[in-house]
């Protein structure tokens, strides 16, 4: 129990200093993630592998908006169920952290990233 409290506090402190979204879901159940990007912004979902700012981003969906489909990677199993809106199997990302990239432009020239933290119920 103490470990959960400490983890919750560390996550909250991390989210205060960086843009972050905390969402609750039932573990190992399908979950439609709430998009933290502002209205009228495009969003693209990634798994960030590594903790550095320059860490590699692995894209979860591909295709044009309105016709996006999940990319299934062997190392992630069936993590991504659908893309519009994003639906995943509620579990911690197999590696790294879940990131959504928000941009007002379709080409994502200017963007900001939001880390999505899942709290399991």
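The backbone N, Cα and C atoms fix where each Cβ goes, and this holds for glycine too.
Here is what Swiss-Prot records for this protein:
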| type | residues | note |
| --- | --- | --- |
| DISULFID | 25-90 | disulfide bond |
| DISULFID | 37-102 | disulfide bond |
| DISULFID | 61-83 | disulfide bond |
| DOMAIN | 19-121 | domain 'SARS ORF8 Ig-like' |
| SIGNAL | 1-15 | signal peptide |
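Features as recorded by Swiss-Prot, highlighted on the structure.
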residue	record	CB count, 10 Å
25	disulfide bond	18
37	disulfide bond	18
61	disulfide bond	18
83	disulfide bond	19
90	disulfide bond	21
102	disulfide bond	19
Item checked: Length of the line joining the Cα atoms of residue 90 (disulfide bond) and residue 61 (disulfide bond), in Å -> 17
Check: Of the disulfide-bonded residues 25, 37, 102, which one sits closest to residue 61 (disulfide bond) when you measure Cα to Cα?
Finding: 102
Checklist line | Where residue 83 (disulfide bond) falls in three-state DSSP terms | finding: strand
Margin query: In whole Å, how far does the CA atom of residue 102 (disulfide bond) lie from that of residue 25 (disulfide bond)?
Written below: 22
Notebook entry, point to check: Where DSSP helix means H, G or I and strand means E or B, what are the helix, strand and coil counts for the domain 'SARS ORF8 Ig-like' (19-121)?
Noted result: 3 helix, 49 strand, 51 coil
Next item on the list: State the Cα to Cα distance, in Å, between residue 83 (disulfide bond) and residue 37 (disulfide bond), rounded to an integer.
Entry: 15
Margin query: In whole Å, how far does the CA atom of residue 25 (disulfide bond) lie from that of residue 37 (disulfide bond)?
Written below: 19
